[in-house]
Amino acid sequence: MAKTVTPDAISIIRSNPTPDSSGDIPELVVQVLDLKSTGNRNRFMFTANDGKMKLKGILPATIEFEVISGNIQNLGLLRILDYTLNDIPNKSEKYLVVLKCEAVSPSLEMEITSETNEDGVHMKKRQKTVIGVMVKTEMDGEEEAETPIKREGDSILLKPKQEVLTKSAVQIMHEQHKNVAPAARLAMTRRVHPLVSLNPYQGNWTIKVQVTNKGGMRTYKNARGEGCVFNVELTDEEGTQIQATMFNEAAKKFYDKLEMGKVYYISKGTLKVANKQFKTVQNDYEMTLNEYSEVEEVKSEDTFIPEMKFNFVPIDMLGSYVNGKDLIDIVGVVQSVSPTMSIRRKSNNEMLPKRDITIVDATKKSVVVSLWNDLATGVGQDLLDIADKSPTVAIKSLKVGDFQGVSLSALSRSLVLVNPDIIEAKNLRSWFDSEGKGTAMESVGSDAVSSARGGARSMYSDRISISHITSNPSLGEEKPAYFNIRAYVSFIKPDQPMWYRACKTCNKKVTEAIGSGFWCEGCQKNDESCSLRYIMALKATDASGDAWLSTFNDEAENIIGCSADELDELRSQDSEDNGYQLKLKQVTWVPHLFRVSVALQEFNNERKQRITVRAVAPVDYAAESRFLLEEISKIKV
């Protein structure tokens with residue numbers, strides 16, 4: 001009987017979801033349907049069809065050229081040489097993860113279905129057609145004869161495997177192993193699994209990964225005793241990452257062996273669902289290595305540079321990550337770079353170098369990113385040197401804080417790429433050159449809307465009254481609590497210190513220099529002039545009570561309606577109408593929506609609540625009416 005697409009190929013795959021070796025896999029030829037990119041570079045999804053059943057799958061990254069060149073096509077035929085059937089995060093069904101394959105036939109005219117006849121199962125087309133192709137095949141040891149492969153009637157006959165594949169596995173391995181070093185031979189027989197294919201229910205597996213981040217050795221003490229632990233982040237050739245943890249004996253065994261940037265074979269580890277509180281990479285699972293795990297450095301083979309994967313968050317969506325545990329990636333155009341500053345660490349009085357860069361993106365928002373230590377003095381200096389060219393940057397693993405509303409801070413594991421060769425950076429460069437360069441950018445910290453991951457979370461969520469804060473003195477005891485309130489500005493003390501003198505470069509406080517000018521401790525320089533920035537207290541009142549709120553520059557400007565320099569000019573004028581007092585009077589008894597943080601601070605041995613305005617917006621009466629109607633509908637009469 002002539003060779004055809006393998007009957008019941010999907011059933012065979014499902015009956016043996018994880019073959020022990022590629023030699024255990026029978027002839028498997030399937031039709032490729034719904035071939036498409038996953039959105040990640042080098043990765044393609046498809047549906048495997050054997051005529052009776054279908055199974056969704058993922059092709060290996062190594063066949064990208066085969067797809068681009070057209071050797072593997074939609075409706076074409078594919079021979080599967082190695083695979084595993086696995087659960088994929090966020091997918092409800094098992095996926096066929098193809099580890100090795102080869103093209104058999106280009107695109108057929110249409111999808112095929114199966115039909116059983118006297119000769120067995122053949123693949124059937126839905127229309128009749130006759131197409132003849134001549135190939136050579138072996139016939140029981142006799143000389144090669146030309147045999148047509150036809151689509152005759154309804155039957156589709158496929159070309160057999162090439163002659164070299166008719167050799168036994170022993171012959172092939174013997175030929176491959178000639179003149180090959182022992183370490184390379186071991187690598188050739190090793191079955192490497194991509195990280196995306198691993199799950200806690202798998203048996204033996206081996207991965208080939210690079211150490212892309214290594215933490216320090218830490219000690220701990222709990223009810224079971226004392227111990228040590230350290231973590232590494234591992235990345236495979238496709239850019240998939242996983243965090244691996246080692247305790248006690250395993251930590252001591254592998255701490256010196258696992259080195260940054262080196263590539264290793266790792267096996268005999270265990271996987272479990274990742275603890276979201278401690279995970280540092282985008283993976284639903286985390287790995288644990290014990291003292292019996294195997295770690296072998298890859299020395300005699302070509303190593304690889306893993307593809308860096310980013311999960312970029314637009315600047316206007318950063319609000320929902322403030323003070324959260326998730327680290328974010330960001331891409332933007334550098335708008336400004338500050339000089340290096342020295343910051344004293346409170347815990348040990350150590351001086352740390354710091355540099356702030358301001359970046360913007362297509363959302364027309366800006367955010368400040370703080371770089372520390374080597375990032376500040378290394379890549380930070382590089383950015384300062386080319387700041388006038390507005391370079392693009394992609395930064396991985398940033399922490400989102402609430403300084404000035406929203407701010408970003410680099411960590412020891414953070415990675416900064418300048419003018420990266422990725423599509424997101426190229427698109428951003430095109431946008432900036434065409435329209436962004438001349439567009440006014442607004443700080444994301446002054447935005448009144450904090451966008452949540454599932455959609456917009458506006459100032460109408462987390463709404464409380466002022467009395468809810470003032471009547472709960474323990475609010476913000478462990479960490480700052482965030483709420484939204486609707487209140488009136490009822491009073492602003494006209495004789496309070498409403499601003500401070502600030503450096504025009506870094507916005508830090510300056511002092512009068514000896515002789516003339518103003519000295520900035522952060523920038524370590526003297527300027528002839530400075531700017532004024534608000535640091536103002538105001539009383540806010542709603543139907544339940546009132547409270548004093550602290551405001552900073554951007555929020556105060558929204559409330560007052562002018563800059564601190566402009567208000568200072570009004571204050572210095574000696575006029576009958578007293579424009580300064582009039583300006584403060586105009587802004588009182590005006591309703592606003594406030595996003596506030598509540599924290600406990602100790603002053604004169606007394607703990608008091610400090611309520612800080614993080615964002616402010618005028619009342620949208622249409623939205624406010626909808627909110628009130630929704631609240632009324634929740635009331636049970």
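Yeah, the Cβs are placed from backbone N, Cα and C, and that goes for glycine too.
As given in TrEMBL:
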- 5-105: domain 'Replication factor-A protein 1 N-terminal' (DOMAIN)
- 205-293: domain 'OB' (DOMAIN)
- 323-418: domain 'Replication protein A OB' (DOMAIN)
- 482-628: domain 'Replication factor A C-terminal' (DOMAIN)
- prompt: Across the domain 'Replication protein A OB' (323-418), what does the pLDDT come to on average, as a whole number?
  reply: 87
Message: Counting by DSSP secondary structure, give me helix, strand and coil numbers for the domain 'Replication factor-A protein 1 N-terminal' (5-105).
response: 19 helix, 44 strand, 38 coil
Query: How does the domain 'Replication protein A OB' (323-418) divide up by DSSP, counting helix, then strand, then coil residues?
result: 15 helix, 54 strand, 27 coil
